[in-house]
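Undergrad: Pasting a structure here, questions to come.
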Amino acid sequence: FSKAMSQAGTSQFQEVIRQELEYSMKVELDKILATAPSNELEHTKKDLEGFKKLFHRFLQEKGPSVDWGKIQRPPEDSIQPYEKIKARGLPDNIASVLNKLVVVKLNGGLGTSMGCKGPKSLIGVRNENTFLDLTVQQIEHLNKSYNTDVPLVLMNSFNTDDDTKKILQKYSHSRVKIYTFNQSRYPRINKETLLPIAKDVSYSGENTECWYPPGHGDIYASFYNSGLLDNLIGEGKEYIFVSNIDNLGATVDLYILNHLMNPPNGKRCEFVMEVTNKTRADVKGGTLTQYENKLRLVEIAQVPKAHVDEFKSVSKFKIFNTNNLWIALSAIKRLQEKNAIDMEIIVNPKTLDGGLNVIQLETAVGAAIKSFENSLGINVPRSRFLPVKTTSDLLLVMSNLYSLNAGSLTMSEKREFPTVPLVKLGSSFTKVQDYLRRFESIPDMLELDHLTVSGDVTFGKNVSLKGTVIIIANHGDRIDIPAGALLENKIVSGNLRILDH
């Protein structure tokens, strides 16, 4: 009895603390809102209201963990193999199906992890083309080939909006209508006090660190609030294809689109997630499971500590989310109006330059799958997942492993196996400008399995790499791989001794 009483007392106490925190947050947000100029007032109010809802849920929830006992394998037919979707072929009227589509690219990220300033989408990835150039070329090629009008929508963040808009003028003559909208701007909160560190609405100068874009799960509310969602529905658009702008494999797939618009059983899916088979490199990727009779995306952050190794097992959880998603516009509108989109909160801790510990509350776009009706996973080929997160990834997409055609990269037919080599470039290559300086030309990598480079290493022109190549320059040493060198199953260390691997 006394245990029950003390538990009741604890939960009452926690409830009081929660209410006090919510009240303090409201007071602080009202102070911030009072500093907004009249032309930003409505917009800022929406942002802060959205944040308040997220903060309320953050205080209510007992932590991110899923109940591991409830996780089940998805039913057989809930994840379809791509081959089966493709085998249906395409209808004669594919143009009318394409005209119902909108391509949305998540363009909120900066290129800081690769040592670049400004939006990541403006980094050159192939023959001077940026991520954005390639995207526009792909959609333009579609529109010209099928005489259609598929628009491109960019979800920018306050970090990327200005720079992106400046660059969009260069596409004014291309056959792609381009729209942008901004995701929300939320205040970072002090980890100790759980109060915003911002004192006013400005986000320039010393205030840049006070605000953050709250993850791509924010797409539903921002898209709806921008008015663009309604405009596109009004133009007869029915589905969006959403993907990360740095995933060069995420091109419009006509077979998946046809499956959505002309479902074999007559019942349309509101949400399709492209998944692909895990390799050892993807063990942390979110996976699709069956949970309380719904398809649900489970991310590693939600897994109880005791089960993390099981979650990473390639044999038990064989697939992961590519973040290529196909979603019905009418369903987004319906759920947004009912406030019925449920996404788990991701608590992302950061340490600011001055040493202050803050947290930012985020959500992920794929986590909403459980809120939609008749959701489906499609197990797609690995080629649809080609993200460029690091200069190691950049080396792969710049190399002769791929050929470029109308903005799309395809694996070279001369490559004998369908997987890409494992490439690990050391810290001397992290920044794009350092990386570019170290390669006089990109090596021939068609027969490469594995490349590890560490330390002060440079590559001359026309180098060929085959099999497993490991190049390690010790501290203070430098290794220059000479022009025209062929390294096949070699370990190169310290003073340029070349050994057989």
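From the backbone N, Cα and C atoms, a Cβ is placed for every residue, glycine too.
Taken from TrEMBL, the feature UTP binding site covers Lys120, Gln183, Gly215, Asp246, Lys389. As annotated by TrEMBL, substrate binding site applies to His216.
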Undergrad: I need the CA-to-CA distance for Asp246 (UTP binding site) versus the residue listed as 'substrate binding site', whole Å please.
TA: 14
Undergrad: Between His216 (substrate binding site) and Gln183 (UTP binding site), what C-alpha distance do you get in Å?
TA: 8
Undergrad: In the structure shown, which of the binding-site residues Lys120, His216, Lys389 has the fewest Cβ neighbours within 10 Å?
TA: Lys389
Undergrad: Counting only residues 6+ apart in the same chain, whose Cβ is under 8 Å from the Cβ of Gly215 (UTP binding site)?
TA: Ile346, Asn348, Glu362, Thr363, Ala364, Val365
Undergrad: Fewest other CB within 10 angstroms, which one of the binding-site residues Gln183, Asp246?
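TA: It is Asp246 that, of the binding-site residues Gln183, Asp246, has the fewest other Cβ atoms within 10 Å.
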Undergrad: Assuming the binding residues for UTP are exactly those in the record, Lys120, Gln183, Gly215, Asp246, Lys389, what is the maximum CA-CA distance in angstrom, rounded?
TA: 21
